[in-house]
Number of protein chains: 2
Amino acid sequence: MPKKPLILVTNDDGITAPGIRTLIEVMNTIGDVVVVAPDSPQSGMGHAITINSTLHIEKVTIGNGNQLEYSSSGTPADCVKLGVKQILDRRPDLCVSGINHGSNSSINVIYSGTMSAAIEAGIEGIPAIGFSLCDYNWNANFDHCKAYIKTIAENVLKHGLDSGTVLNVNFPKLDTTELKGIKVCRQAKANWEEVFDQRKSPNGKDYYWLTGKFVNLDKGEDTDEWALANGYVSVVPVQFDLTAHHSIQELNTWDFNEK
Amino acid sequence: MPKKPLILVTNDDGITAPGIRTLIEVMNTIGDVVVVAPDSPQSGMGHAITINSTLHIEKVTIGNGNQLEYSSSGTPADCVKLGVKQILDRRPDLCVSGINHGSNSSINVIYSGTMSAAIEAGIEGIPAIGFSLCDYNWNANFDHCKAYIKTIAENVLKHGLDSGTVLNVNFPKLDTTELKGIKVCRQAKANWEEVFDQRKSPNGKDYYWLTGKFVNLDKGEDTDEWALANGYVSVVPVQFDLTAHHSIQELNTWDFNEK
């Protein structure tokens, strides 16, 4: 019997979140699962890493299943580093992150702890996928995601991914019967229009909450936003070579010696 | 007399760091400067934003110069959002971040708070540059950076930048006389080989420090690492559309319906 794939599972909502519980359940049907995930929610952490503080790991048992689980004080990116370099005795065949409670489509990929974990694994040369559901509800229904997650993970294990590339998968908030399938997309050129909610503390000092409205002016039917709005599961290949190669030629025409 | 450009300055080492003081000094020779920077060091914060906590801003006076200065409890990306949406009454013509105490070349761009601030400004449609010196020393000599920073900032104000693009500028640790000029580069495919330094707490529990060695196997002479090792100032155009467009065709050949 062929050896089962070794799968590292993490997330940014914390190790007890319903989203990661669903992801573990699906991964247990595919391979040997080791979970290394934050001990508390880390949403909006981007690709933060812990360099000025200590890191802690604790072996834990949460829920059923054959998975081994470790809870860590670190960020999602820290969890992947700890899993690969400290906890596992061989390289994982796959790293999956999520299922995030909330969308990581379009520009959200930049702020996402879920995706930073997948990108960290990609940097280590491990095929990796981040999964997110466009529903911020803690008690969201993840059932319609399960079969798709299995299919996408099995495809990545079978085909591999281009070096320097990981997958950003988002699910619309829908029942299974309404989902139209998988669509490979590009990241929509959408962004947040922030508004700061200004308040006064009991001692009279101003403070602020970051709020905002998501605005998508990119109407392309090849975007993740279009796919999600039209009932598809969006799959965006994401790279961490951030070089804007198309700008190099233009920059070389600048005269850096002019005064 | 033409109106002076409005320049937003931030960093990730904190508002009192020598690096940002040098950057403010240079920007004061170009335009009207408003500083919104973290009240404490935020290195390794990546593109973290503060969504589950409150944000504070304090008007401060640090050092000489005509700049207005605000210290914030937020991350570098938060500082840019606060500057643009809350503090400034018109859009800045330029946002500069740094000078970071330490390299943000190659893969470090992913972990960098300095570059996340520049990228945040880019997302807002503001021309932006992150500056870093390859010297972690708090008392590093930034003198050789000054003339180059001025030239690069003035070029960006004159030519603008491609939409969706910001600049990642790194300086080698050298005296001015040794610098060979500016080189437009791509991000080298280098990464960190992490090692966790495992220790025991006084009560017998294991804990870890993240350490590591930077490894560059990319020998391309068009990379930022090559430029820095050979005495050049590296300028990499950085994009925040992370789509790996070259992978879309391949992913479309996968059969997501296979069982």
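For all residues, glycine too, the Cβ spot is worked out from N, Cα and C.
Listed by TrEMBL as binding divalent metal cation are B:ASP12, B:ASP13, B:SER43; the candidate from B:ASN100, B:ASN104, B:ASN108 that the record includes in that site is B:ASN100.
Cβ neighbour count within 10 Å across all protein chains ranks B:ASP12 highest among the binding-site residues B:ASP12, B:ASP13. Proximity to chain A (Cβ-Cβ distance under 8 Å) holds for the following binding-site residues out of B:ASP12, B:ASP13, B:SER43, B:ASN100: B:SER43. Excluding B:ASP12, B:ASP13, B:SER43, B:ASN100 themselves, the residues of that chain whose CB lies within 8 A of the CB mean position for the divalent metal cation site are, in sequence, B:ASN11, B:GLY14, B:ALA17, B:GLY19, B:PRO41, B:GLN42, B:PRO76, B:GLY98, B:HIS101, B:GLY102, B:SER112, B:GLY113, B:THR114.
Each of the binding-site residues B:SER43, B:ASN100 was assessed for Cβ neighbours inside 10 Å, and the highest tally belongs to B:ASN100.
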